[in-house]
Amino acid sequence: MAMNSKRKTPPGIALLRRVRGRNWSPKTFRYAILLITFIAYACYHASRKPSSIVKSVLHPDSSTKPPQEHNSNKIYPWPMGNVFVKREIGDIDEVLLHRKSKGWEPFNGKDGTSRLGEIDVAFLACYSIGMYVAGHLGDSLDLRLFLTWGMIGSGFFVGLFGMGYFWNIHAFWFFLVMQMAAGLFQATGWPSVVAVVGNWFGKRKRGLIMGIWNAHTSVGNICGSLIAAGVLEYGWGWSFIAPGFVMSLGGVIVYLFLAAYPEDVGFPDINSNSGKFIKRKRDVEEEEEEVEEGLGTDVEGEGEGSSGSGSGYENKRSVGLLQACMIPGVIPFALCLFFSKLVAYTFLYWLPFYLSQTTIGGEYVSVKTAGNLSTLFDVGGIVGGILCGYISDKFKARATTAAAFMYAAIPAMLVYHSYGGVSQTVNILLMMVAGLFVNGPYALITTAVSADLGTHKSLQGDSRALATVTAIIDGTGSAGAALGPLLTGFLSTMGWQAVFYMLVVGALCAGLLLTRLVIAEIREKLGYVDEVPASEPLLTDRR
């Protein structure tokens with residue numbers, strides 16, 4: 001019973017329940033779970049964007065574009081004032097001096113892009129390694145508290161990176177350590193939020209639901225870009241501090257209001273064989289009505305909500321990494337995500353820099369404009385995630401859908417590189433199309449596929465593997481996410497064409513790695529059910 005005593009109804013929900021006098025329905029809690037986890041992971045991604053926005057400030061390439069005029073009468077409003085903004089030296093503002101000519105040591109030398117790539121890979125390598133540990137811990141600890149401390153810790157170290165500007169730090173090791181620490185704390189996010197959503201939703205329409213929900217990735221990227229670019233003129237340190245503060249604030253919201261398990265608020269586990277959520281009726285609303293009839297909707301106070309969680313939680317055990325790897329389909333999708341995230345994260349970390357260093361319609365754009373313009377890639381990603389989830393649900397073919405999108409991403413990226421500089425309108429359209437095909441399969445694999453595999457029938461409902469399986473898949477993918485930006489730092493010195501060739505190879509490998517599962521799905525559609533390999537039930541969601 002010790003485990004049960006550590007997990008209680010979230011204090012915010014307990015307070016609202018006392019005021020209201022009764023509990024909410026499972027449907028209401030599901031909406032709340034989607035909203036809170038959406039906000040939480042949007043904060044995670046928003047805090048990752050600053051490094052891509054400030055690249056052109058830390059390492060300005062004055063040889064490729066003409067100098068900008070600067071306003072010596074710039075006024076810094078509250079709360080920036082004279083506290084956090086560098087004082088003017090003569091007629092030249094030191095902030096603009098670093099922005100437009102000198103950059104920021106140690107990133108302003110000839111090996112500046114390489115060092116920026118090393119910073120990215122340090123973050124993503126620690127993120128990838130931490131993912132495997134975080135997944136197992138997420139299945140063993142209270143997900144609400146685990147996610148809360150992960151968000152607060154991540155926000156703290158992201159903010160410390162920005163403080164290097166105000167403290168006038170130029171030691172490479174400082175920025176490297178801050179990114180590594182932030183990466184470790186960021187690893188708590190994805191396994192936790194996917195596990196929480198998987199705890200509340202069954203497999204029916206999971207692809208569409210999670211495709212819409214996964215828009216938090218792109219929304220976070222967009223918000224992070226806008227925030228970082230918006231405060232950049234006050235000093236690049238603010239581009240880290242502001243998202244870091246938002247991240248920590250999101251952690252407080254999670255602590256107060258996130259019910260990580262249905263048992264926390266008086267409902268049974270929907271993934272358990274004995275759970276009352278799973279009925280023979282097909283209509284989800286009827287399923288929820290039966291739950292409410294069996295449990296009652298007037299559960300009051302913290303005690304009843306907690307008592308309902310005791311046996312359900314304690315009878316479960318977390319699975320080990322090896323056991324989770326043996327679940328059919330985990331390894332192929334994990335390897336596919338390695339290359340898929342290599343492509344996606346190269347755009348995430350380097351697209352603003354690419355836009356600021358190449359001509360669009362014969363002109364260069366400012367760093368702020370490049371940051372704002374790059375958000376449209378994520379707008380396309382939102383559409384791609386929803387579309388990919390809907391198609392995979394409709395045809396019950398996760399692998400085929402993911403592979404088709406990855407193959408389509410190849411011509412989309414090549415066309416964008418070749419014709420994106422024609423005009424800003426053409427650049428925007430081609431960028432959104434590329435974002436649609438690049439982020440679509442990435443969103444599908446990290447959400448619906450991970451949740452499917454984490455609740456696979458081979459687990460027999462007696463194990464809690466959602467966070468562990470998610471960690472294996474996304475942890476492997478994050479290794480690719482680390483490799484892509486690192487290679488880009490070196491390849492960009494040879495020209496951007498080499499970078500896009502790397503992205504094409506990555507997308508091709510991602511699609512090819514799903515070939516066996518695609519064949520299995522096609523054979524099943526043609527009626528060869530008996531010959532389908534063991535991974536088939538995972539990809540069709542057959543009940």
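Here the Cβ of each residue, glycine as well, is placed from N, Cα and C on the backbone.
Among the features that TrEMBL reports, transmembrane segment is placed at 28-47, 116-134, 146-167, 173-201, 213-232, 238-258, 325-351, 371-392, 399-419, 425-445, 465-487, 499-519. Here TrEMBL flags 74-523 as domain 'Major facilitator superfamily (MFS) profile'. Feature annotation from TrEMBL assigns region 'Disordered' to 281-313. Feature annotation from TrEMBL assigns compositional bias 'Acidic residues' to 285-303.
For the transmembrane segment (425-445), same-chain residues at least 6 beyond its ends with a Cβ under 8 Å from one of its own Cβ atoms are 207, 210-211, 214, 217-218, 333, 336-337, 340-341, 343-344, 347, 360, 373-374, 376-385, 387-389, 392, 398, 401-403, 405-406, 408-409, 412-413, 415-416, 419, 473, 477, 507, 510.
When each of 28-47, 116-134, 173-201, 499-519 is checked for Cβ pairs under 8 Å to the transmembrane segment (325-351), 499-519 comes out on top. 28-47 is the stretch from 28-47, 173-201, 399-419, 499-519 with the greatest number of Cβ pairs below 8 Å to the transmembrane segment (213-232). The stretches the transmembrane segment (116-134) and the transmembrane segment (465-487) are in mutual contact, each linked to the other by at least three Cβ pairs under 8 Å (pairs 6 or more apart in sequence).
The transmembrane segment (465-487) shares more Cβ pairs under 8 Å with 173-201 than with any other stretch in the list 146-167, 173-201, 238-258, 371-392.
Between the transmembrane segment (146-167) and the listed ranges 238-258, 371-392, 399-419, 499-519, the one holding the most Cβ pairs under 8 Å is 238-258. Sequence-distant contacts of the transmembrane segment (173-201) (same chain, six or more residues past either end, CB-CB distance under 8 Å): 29-30, 33-34, 37, 40-41, 44, 47-48, 51, 118-120, 122-131, 133-135, 138-139, 143, 146-147, 149-151, 153-154, 156-158, 160-161, 164, 209-210, 213, 258, 260-262, 269-271, 446-447, 450-451, 454-455, 464, 466-468, 470-471, 474-475. In the predicted model, the domain 'Major facilitator superfamily (MFS) profile' (74-523) has a mean pLDDT of 79.
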